[in-house]
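A.B. asks: From TrEMBL, for reference:
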type	residues	note
TRANSMEM	A:6-28	transmembrane segment
DOMAIN	A:19-82	domain 'MrpA C-terminal/MbhD'
TRANSMEM	A:35-53	transmembrane segment
TRANSMEM	A:59-77	transmembrane segment
TRANSMEM	A:98-118	transmembrane segment
TRANSMEM	A:156-174	transmembrane segment
TRANSMEM	A:195-215	transmembrane segment
DOMAIN	A:198-304	domain 'Na+/H+ antiporter MnhB subunit-related protein'
TRANSMEM	A:227-244	transmembrane segment
TRANSMEM	A:256-277	transmembrane segment
TRANSMEM	A:289-313	transmembrane segment
Amino acid sequence: MNAVAILGLLTDLVLAVSVLMLSIWIVLTPDRLRAVVGFLANGILIALVWMRLGAPDVALTEAIIGGGLVTLLLLGASARVPPESARNAFADRDRWPLHLLAALLAAVVAVGLALVVLNLPEPAPSLASAVATELPATAVDNPVTAVLMAFRAVDTLFETVVLVVALIAFWSLIPEGAWFQRAGWLPLREPAPALVLLGRVLPPFGILTAVHLFWIGTTLPGGKFQAGALLAAIWALVLIAGLSQPMAAAQRLPRLLVVMGPTVFFAVGLAGFWLAGDFLAYPSGLEKPLILIIEAVLMLSVAAALGLILAGLPPAPGSLEQRR
Amino acid sequence: MTAVDLFGLLGSLLVGIGLYGLITGACALRKIVAFNLLGAGVFLVFGVIARRGAGAGFPGDPVPQALVITGLVVAFAATALAVGLLVRLAESAGVGDVDDQLLPAPKITLGPMPEPPSGTEERPASPGAVALGEHAQSRVVAVVPPADRDPDDQTIAGSCA
């Protein structure tokens, strides 16, 4: 084993131990705000693990969505949900048998899963060679994009529909009578000057990076989900800094943006019936332009859906939040 | 031990830690965080399986990798729904948790709207009392907290501050 391999293994070891310790700390720390901030750091570390596992596409998605956007949601919630009553802390002491049982159960599940992972069949079943054989037919060079947009396009289509359904379910929590009001989770009452400056300076670079991620997604790591999530994050930053007003659920533009992606994807899929003989089949010669069009529209839809979820819900009429 | 085994172990342990946190979490928000840790562990196991399937010039099997990307987006959507429910629960009922064992259950009464405060009849004593569905025309659900519950309870920073 040469020096580089040993160094790589050491890095992996440090990374794995860091993620493990941080995860235990997140679960055990008494302060829930600390747990949420720790979760953000954990997301970035896990993105590094994904890089070490040879999956840069997943690493990008984990860093933006799994780390950043989820943490933003949780931070917003921890500011809005009143702290736990002190009574629970006392009651917790009497619950040690439950904690012991839960720890035993978790240990059994973890050890069982570890045994399975360490004894996976050799040679590992893989579709890599099948993807490599069929890759030229898609005119796309990034195998992950090819799987998402061609080989398993139905999964991706319904996943974008899931995002629309999730937004509908989320919006169904809007208080009665607040449908025409703007979502109220993100804007700070008094954003710090540095934050406002960041909100002005970062968006052009963020948008450029997002478009770049989308554009290279067909050949290199990147794609619509990463680009859309980055756009949503930039939008959230602008909203937090108070430089722009969040949208109301009753406005037409956000609704149109959200359903546009799945609609275009579905239309191209249906057109495949008589252009290429099957649902979601792309006519030969037009694969790459069609995939790029779908990816572009989906990027906007993903950005709109994620951004609208991040913007949150309007305060209930008459609630404290609204009177302030 | 190879790096793939190491990360496989890490994924399994993350699932265990997330499961423990999900069961014992002191409040609903902690449970959501733990749920996301559990998800990260499941995704890492997927990543290990993808890495083992490396071949044909790819660093990993692209099919499980693509599944993880869609999975991350769906996990975000599920988290958003959970957070939305929690925040609305806190707004409408004034409680920050879904734990039903520690606090006495609030009485839910179905009936006509309580008299406005200008009337002679006294309103429910606690400020935590909330009339839901003020826009409903005839029937409302009033959540009346039990009398022994201290309204200042909500402001005391406790185990899950």
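A Cβ is built for glycine as well, from the same backbone N, Cα and C atoms used for every other residue.
Bear in mind that TrEMBL entries carry predicted annotations, made automatically and left uncurated.
Can you tell me where each of these features sits in the structure?
C.D. replies: Away from its own ends, the transmembrane segment (A:35-53) comes close to residues 8, 11-12, 15-16, 18-19, 22-23, 25-27, 29, 59-60, 62-63, 66-68, 70-71, 74-75, 78 of its chain (Cβ-Cβ under 8 Å, at least six residues beyond either end).
Beyond the ends of the transmembrane segment (A:227-244), by six or more residues, the same chain brings 61, 64-65, 68-69, 72, 186-188, 191, 195-196, 198-200, 202-203, 206-207, 209-211, 213-214, 217, 298-304, 306-307, 310-311 to within a C-beta distance below 8 angstroms of the stretch.
Among residues of the same chain six or more beyond the transmembrane segment (A:256-277), those with a C-beta under 8 A of the stretch's C-beta atoms are 153, 156-157, 160-161, 163-164, 167, 283-284, 290, 293-294, 297-305, 308.
With a threshold of 8 Å between CB atoms, the same-chain residues lying at least 6 positions outside the transmembrane segment (A:289-313) that come near it are 65, 69, 72-73, 76, 138-140, 145, 149-150, 160, 163-164, 166-167, 170-171, 173-175, 178, 183-186, 210, 214, 217-218, 223-225, 227-229, 231-232, 235-236, 239, 246-247, 249, 254, 257-262, 264-265, 268, 282-283.
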A.B. asks: Suppose you look only at the domain 'MrpA C-terminal/MbhD' (A:19-82); what would the mean pLDDT be?
C.D. replies: 91
A.B. asks: Give the nonlocal contacts of the transmembrane segment (A:98-118) in its own chain as ranges (CB under 8 Å, at least six residues past its ends).
C.D. replies: none
A.B. asks: For the domain 'MrpA C-terminal/MbhD' (A:19-82), give the DSSP counts of helix residues, strand residues and coil residues.
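C.D. replies: Tallying H, G and I as helix, E and B as strand, the rest coil: 56 helix, 0 strand, 8 coil.
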